[in-house]
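According to TrEMBL:
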TRANSMEM  33-54  transmembrane segment
TRANSMEM  231-251  transmembrane segment
TRANSMEM  258-276  transmembrane segment
TRANSMEM  314-335  transmembrane segment
TRANSMEM  355-378  transmembrane segment
TRANSMEM  451-478  transmembrane segment
TRANSMEM  499-521  transmembrane segment
TRANSMEM  561-584  transmembrane segment
TRANSMEM  596-620  transmembrane segment
TRANSMEM  636-656  transmembrane segment
Amino acid sequence: MRVFAEDRWAHAAHGTKASPNAAPLLPRGCTDVICCVFLLLAIVGYVAVGIIAWTHGDPRKVIYPTDSRGEFCGQKGTKNENKPYLFYFNIVKCASPLVLLEFQCPTPQICVEKCPDRYLTYLNARSSRDFEYYKQFCVPGFKDNKGVAEVLRDGDCPAVLIPSKPLARRCFPAIHAHKGVLMVGNETTYEDGHGSRKNITDLVEGAKKANGVLEARQLAMRIFEDYTVSWYWIIIGLVIAMAMSLLFIILLRFLAGIMVWVMIIMVILVLGYGIFHCYVEYSRLRGEAGSDVSLVDLGFQTDFRVYLHLRQTWLAFMIILSILEVIIILLLIFLRKRILIAIALIKEASRAVGYVMCSLLYPLVTFFLLCLCIAYWASTAVFLSTSNEAVYKIFDDSSCSLTAKTCNPETFPSSNESRLCPNARCQFAFYGGESGYHRALLGLQIFNAFMFFWLANFVLALGQVTLAGAFASYYWALRKPDDLPAFPLFSAFGRALRYHTGSLAFGALILAIVQIIRVILEYLDQRLKAVENKFAKCLMTCLKCCFWCLEKFIKFLNRNAYIMIAIYGTNFCTSARNAFFLLMRNIIRVAVLDKVTDFLFLLGKLLIVGSVGILAFFFFTHRIRIVQDTAPPLNYYWVPILTVIVGSYLIAHGFFSVYGMCVDTLFLCFCEDLERNDGSQERPYFMSPELRDILLKGSAEEGKRAEAEE
């Protein structure tokens, strides 16, 4: 296979000049074909897994709750269509350890039209006109032809009704506090159906265990409510972040030097304002009742607004921002000369982006492809997890040897098991199965996760090679922009798919293997948390740390290998080796230029995120108004604020990633240009004169400084 290095330097050896734009356009052959074949076979297998999952899966098991007979609540076209909520006869029993084993409460559960809204016992309701209301919470087909003891023994009706509220389509006790006393409705105690009364605290503890943690679910529901009323303003905030990022990139194209210094000054000013605002809030709370309570004494609160009424919170914010401000100022002082060199590289990157403006839109292509990967993975995972069959088991409150054995609900009343255990019930337990397909579900889920990592990394690699190829065509054009291809980005995209799909798949495969190992380690770590084994915990922590470092190193190596693939068209291993040794031969330049530009781009992201975050904070806390509209009432105003901040960072990162890839590509091209050319007429430099003067001067100063230190 002919590659750029061999062809170009062969021309130089014979005293002829290579074509200026020969690097990215040189005819090349396919690389790492075996990996390309493996990827195609894996995709075919992935599609087959998806088809199998969609054939056997039933997502209704996730959407709708299931009663004791395995029937869905609230599903259209069924007898429970008008009964969307699941009611537990005795929710306290859901605190049983059996729940952790079988994932089902050992108490009858039925679908109801609405949750109970009053406190009633079966004994009292039977002798009053509330019995018709009470019967809707009994098992379907209940007939009042038994005694009270028989009804409660057979589990036909609940012993007591407690005021409840629906949460995730399930009825949970409406617990609240009144003057420091836990209450359900207007009661502080409840009757257990056997004549004795118990404290509501026991019911609360049982409900919390049955629910996972009830407060966590309430927090999730409140957060969801905040999203439903604030999504419109969140989108506006993200659009503002996108507009600011695009404006910043455009200004960086024409005013790179000025914009970098403006960015640095603005970041310092934004952090300074944050420190000032924290000091104002800290001073304002002086003397207010309860403001001197410590964060440790307060503990964790689901309503985060409580923390903003503490002086210690604002003091912590002020200290953190002050430390960050001092660190940035010190870095700017010590890196002032290196920043001048980095600005020259950013200027050159701005010119390259200016000639390939459509590169700013390519992150949208990557985002779209990643969304497809995520959607396919998520849907396949849901269908796989819901492709089990309903499994029924014997439940008995008394000591029965047949408890937890599988059973058939249709034949159970006349079976031998019901005679051996008169109080037992054949009840829906969970979804599972004993077939080969059901035993392979865990492996299919692991394969699903692995393919997601592989395809997602492939999409990211395709974007990096495409951008690197477009910017490399700019660098290796001797007469810029005359020697640039007509459509550099589309040409690079076509070359990447046509010739280097195998190399991209190889790099993505290595990274996916490391990532799936990290996922397995996290799973094992969660399973070992209850184990009091210090050696196992230490070993697990070391393994997680090592694989985290390995993943970071592979990402760094892959990124530079993809640049070499875009330039020379070599296979992945050759490109990774050449990129690694090229960087090692220019380690000083890597530290001086590459990392300083990364630091400057980070400041740019912080400027955009900080500006949009401050605007969102003032808006959602009702400090400012936009025209006549104001922020909607929220449970937690930090929900939309954090969403806007995270979304703004991702948007800014998407735009700056183009610049980052451009800088990395130009830097590697610059290092390669220095090694292969000497600036003579026969072997001229491809870098611009401005870049050559600043970079060579800066590199010489760093070399002298390094020699002096030695």
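The backbone N, Cα and C atoms fix where each Cβ goes, and this holds for glycine too.
Bear in mind that TrEMBL entries carry predicted annotations, made automatically and left uncurated.
Because the structure is a prediction, the values reported are computed rather than measured.
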Contact ranking winner - 33-54, 314-335, 451-478, 561-584, 596-620 against the transmembrane segment (231-251), Cβ under 8 Å: 596-620
Stretch-level contact, the transmembrane segment (596-620) and the transmembrane segment (499-521), CB cutoff 8 A, at least 3 pairs: no
Outside the transmembrane segment (561-584), six or more residues from its ends: residues with CB under 8 Å to it: 1, 3-5, 23-24, 26, 28-29, 31-32, 35, 461, 464-466, 468-469, 472, 476, 492, 495-496, 499-500, 502-504, 506-507, 590, 664-665, 668-669, 671-672, 675
The transmembrane segment (33-54) in contact with the transmembrane segment (499-521), cutoff 8 A, at least 3 CB pairs, sep 6+: yes
Distant-in-sequence neighbours of the transmembrane segment (258-276), which means Cβ under 8 A and at least six residues beyond its ends: 248, 251-252, 317-318, 321-322, 324-325, 328-329, 332, 339, 343, 346, 600, 603-604, 606-607, 610-611, 614
Folded-back contacts onto the transmembrane segment (636-656), same chain, C-beta under 8 angstroms, at least six residues removed: 222-223, 226-227, 230, 233-234, 237-238, 241-242, 245-246, 248-249, 303-305, 360, 363, 367, 601, 604-605, 608-609, 612-613, 616-617, 620-621
Beyond the flanks of the transmembrane segment (499-521) by at least 6 residues, Cβ under 8 Å: 28-39, 446, 449-450, 453-455, 457-458, 460-462, 465, 540, 543-544, 547-548, 550-551, 554-555, 558, 561-562, 565, 569, 571-573, 575-576
